[in-house]
Amino acid sequence: YKCSSEKAKSVVFGFLPILTWLPSYPLKQYLFGDIVSGISTGVMQLPQGLAYAMLAAVPPVFGLYSSFYPVLLYTFFGTSKHISIGTFAVISLMIGGVAVREAPDSMFAVNGTNASQVVDFEARDARRVEVVVALTTLVGIIQFVLGLLRFGFLAIYLTEPLVRGFTTAAAVHVSVSQIKYLLGVHTARFNGPLSVVYSLDAVFRNIASTNVVTLIIGLVCTVFLYFIKDLNERFKKKLPIPIPGEIIVVIVSTGISYGMVMSENYGVEVVGNIPTGLLPPKIPDFSVFPNLFPDAFAIAVVGFSIAISLAKTFALKHGYSVDGNQELIALGLCNFVSSFFHTFAVTASMSRSLVQESTGGHTEIAGLLASLLVLLVVVAIGFVFQPLPTTVLAAIIMVNLLGMFRQMKDIPALWRTSKIELAIWLVSFFASVLLGLDYGLVVAMGFAILTVIYRTQCPKNALLGQIPDTGLYFDVDEYEEAEECSGIKIFQSNTSIYFANSDLYVSALKAKTGIDPAQLLVARKSQLKYAKRDNGERKAVNHCSPVKKNAVDVELGVTREVVAGAKKQKDHVYTNGQMTENHAESESEDDFFLQRLTPIHTIVLDFTPVNFIDSVGAKTIKSVNILCWCCAGTLLSDLRTLKFFCEPVTPDLIFPTIHDAVLHCKHSRDVPVCPDVQ
């Protein structure tokens, strides 16, 4: 480890990416676009912050805090120029599940009874905020440590079908959780396996108590927001900035609710108290950490996966790069530092990021301006939103989920392209819907890993043939011009060889070639034994009677020289039934009997698709005899490490290409080509 000024500068600039672009920030080119983008994103961030706080099971004002502190911090530590950090439906729902589990309504029932369903909501909300803040602290610590340990690659284990199935399932959970707000009914919030079923059952049991005014407001807002979203999508190239439908709905509905005193006159549930100003920092409750660690790890990984996928998408589109490890550090710092100021865990939002990019945002300055707009509302005019009906926030949430529900279109597309990825999508979706997001994610990741094992257990096996007059070899079943080499079988399997599939590899080799090398070797040794005995008896007879005559061994299919003195002596050697008359007295016993056991004298294994081989796989493959090998240099070094090269396998049987192995087999004098297979 060496320290130098250049290295220290590189470390500082890597930890604070803002130092690399802010000094050269082009004011004339970027400032106006960043201002417009920041205002547009901030206007969208306000209602979403209020709405997603409901999903996180905390009062709405904490959604505003979570829309300010983390966004401000990401400006300094983030590497993506276009993603909008803040509240997000999926993460908020996962957080809310933990909060409800750790602080259920039953813990705060007045007089210790549930008969009247009287709950101390103030004490319950205070405890849930403590749990959520502690959870966010732990999420930040996990992300920060993973970033320092260079675990930015972690997101690759959450494959795209898994993430899309998971987020679609999360959209189902969110939608079901918002039905009660749209109808204005009061039900308990459920968490864990079958929570969707229990929530729907509770809503339908209380549907008779639906507040008609609340339902009308919710439906009108939903239709209006859907219309505005569709309008923005249709005319996005003509509109300078998207129509801010969400803030329009919030302002209008707040004004109507305030003017008509809907909370008192019609029983419409409203946001309620929103304190003006920022709360002082507070140390989280560390005593609940042990209970929250599994949930924190899941939220940390899912949050990072969503953020990095969006960041890479925009980086590829605009021609810059993002650092996965630094993104982990940035998200970790955003969550950890902000948790001391009463926020809940955040990640990148797909809808806001699209708005930030489409309205002309060029750098993180747009996010900074959006956070300042939220700060202005919190400090100055937060109390204005107190009469806002919660059904409006539910409408905002459900309309923003339309993009996730469109992911259902993946099913027919994956059916046509990849059945395994379709299975991952479906397992991720149904497991997350039925078991809950936490258990569903674990099941989905486990299933995705099993599909990798399945692929190694069921690889594509092929016999290769040569394209005439070339050194190219292809699958004889797929290419008509590919012809098998005389006396040679070339076997290829596109999988690595290890303890779980080594026996399957050998079985596939036997099935494809139609030859069992082990049995062939046993038969060969047996024939050599009889050949030596016959040769000794023949020499003894030759000394006694030199007169010889030719006879045809019909079972062997070859012409043999039989000594006259040996009257009924015959060698019964079974071959493939073909007749040959070629025999030279000078042939070795090995060659003579080998070429009559089978017309195939050599099996070539193509190891070029093999990425690795373990000791079990090496021992299993070594048991297969009469072979030549073709493998890459990296695998060759692994074989040397495994002490693979000792009798009967020697390095001179290894070749860099299939063609080299075939040429060696054809021209080798040690293993002659069968004369009847040419």
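Placed from the backbone N, Cα and C atoms, the Cβ positions cover glycine too.
Of all ranges given (9-31, 239-261), TrEMBL attaches the label transmembrane segment to 239-261. Remark: the transmembrane segment (207-227) contacts the transmembrane segment (368-401), by the rule of 3 or more CB pairs under 8 A. Segment contact holds for the transmembrane segment (422-454) and the transmembrane segment (296-316), given three or more CB pairs below 8 angstroms at sequence separation of 6 or more.
Beyond the transmembrane segment (131-158), the same-chain residues lying 6 or more positions past its ends with a Cβ under 8 Å from any Cβ of the stretch are 56-58, 62, 95, 98-99, 102-103, 282, 284-286, 288-289, 292-293, 295-297, 299-305, 308-309, 323-340, 342-345, 445, 448. Contact between the transmembrane segment (296-316) and the transmembrane segment (83-100) is present: at least three CB pairs lie under 8 Å, with pairs separated by 6 or more positions in sequence.
Ranked by Cβ pairs under 8 Å to the transmembrane segment (50-77), the stretches 83-100, 239-261, 328-348 are led by 328-348.
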